[in-house]
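Trainee: Among the features that Swiss-Prot reports, Zn(2+) binding site is placed at 104, 109, 245. Positions annotated as active site, proton donor by Swiss-Prot: 302. What Swiss-Prot records for 373 is active site, nucleophile, and it gives sequence analysis as the kind of evidence.
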């Protein structure tokens with residue numbers, strides 16, 4: 001029996017077990033940096049499987065499992081993120097979130113369950129492993145700022161790793177379909193804040209003021225022109241202003257106005273140009289109207305997620321032995337799995353969960369987000385298959 005058929009048979013034994021783990025985590029979602037129950041479940045499950053466990057790797061809720069083969073080989077890292085979102089679940093499932101205002105609306109519950117399933121398969125087939133398989137259960141991917149990957153890397157989780165892989169469940173693709181691409185697959189999220197300092201006064205006498213709201217509107221229109229007139233239209237790129245705050249009363253022109261938003265890009269040159277254009281636009285418009293301004297970009301945001309081309313070619317061939325594999329367009333969402341890919345070659349890929357018959361049609365981050373649980377065994381199978389194949393390279 002070849003490796004694929006062996007793993008397919010093995011995963012049938014634990015399909016229901018994987019689903020039950022997923023449902024338990026789904027019922028008890030935890031926000032970024034607070035994944036205490038989830039990490040406890042992970043550590044206990046790994047220990048029951050006889051896997052070496054290290055807790056608190058860079059963050060209190062981070063967990064790392066290590067499976068060592070019987071002969072020298074490569075070190076392969078597999079990653080699952082664990083945190084939920086501040087979303088009130090409105091889906092009607094029997095294992096609905098028990099925590100008010102918190103939901104696994106991005107499928108990280110499935111990521112944990114699939115990697116635990118992969119761990120089971122790897123232990124059962126330990127004689128096929130060379131080197132080491134490192135199981136990374138990461139907190140705080142949804143943080144959007146520092147994120148959980150960076151402190152884990154600083155604590156040494158990627159030391160000696162030769163390859164790294166990560167799966168994300170997605171309703172953008174049909175159930176059971178793997179989707180990935182060579183090169184940039186997800187964007188970098190440059191969060192920005194613009195503050196306009198004007199001079200307040202009475203709403204009936206705007207000529208005696210420096211109106212920060214009026215100036216902010218001019219800035220907003222000009223910023224949206226960056227996409228239309230400054231960036232090559234074939235480049236995936238977007239700017240969104242997502243908050244504008246100013247003022248307290250209908251007859252008072254305020255002193256200040258504040259805008260926040262995000263720039264998403266897949267190219268470092270485009271990213272740099274856009275930030276430079278924004279600074280110049282804000283400075284120029286504020287100068288024209290006599291205001292002062294601040295433009296701040298969040299530091300050390302998630303990098304662009306870049307799949308290694310050679311590894312991706314090989315992985316797509318391997319995954320095609322267990323399901324359909326398609327090449328996807330880049331996604332302008334962001335992922336701190338990108339930090340792992342800066343430390344070792346690897347690949348990030350999606351596993352489709354869209355199933356209209358089961359009502360699994362809502363996008364990630366929706367309060368009605370739904371997962372076709374039939375695909376979870378595929379995720380576990382993919383983890384184990386890639387780990388074994390690449391540990392023996």
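Placed from the backbone N, Cα and C atoms, the Cβ positions cover glycine too.
Structural setting of the listed features?
Mentor: In sequence order, 257, 258, 259 are the residues near residue 245 (Zn(2+) binding site), counting only same-chain partners six or more apart with C-beta under 8 A.
The Cβ of residue 302 (active site, proton donor) lies under 8 Å from the Cβ of 144, 147, 188, 189, 334, 335, 336, 338, 339, each of which sits 6+ residues away along the same chain.
According to DSSP, residue 373 (active site, nucleophile) sits within a helical segment.
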Trainee: For the recorded positions 109, 373, which one has the sparsest Cβ surroundings, going by other Cβ atoms within 10 Å?
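Mentor: Counting other Cβ atoms within 10 Å of each of the recorded positions 109, 373, the minimum falls on 373.
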Trainee: List every residue in the same chain as residue 104 (Zn(2+) binding site), at least 6 positions away in sequence, whose Cβ is under 8 Å from its Cβ.
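Mentor: Looking at Cβ-Cβ distances below 8 Å from residue 104 (Zn(2+) binding site), excluding near sequence neighbours, one finds 25, 26, 29, 84, 85, 97, 110, 369.
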Trainee: Write down the Cα-Cα distance for residue 373 (active site, nucleophile) and residue 109 (Zn(2+) binding site), rounded and given in Å.
Mentor: 11
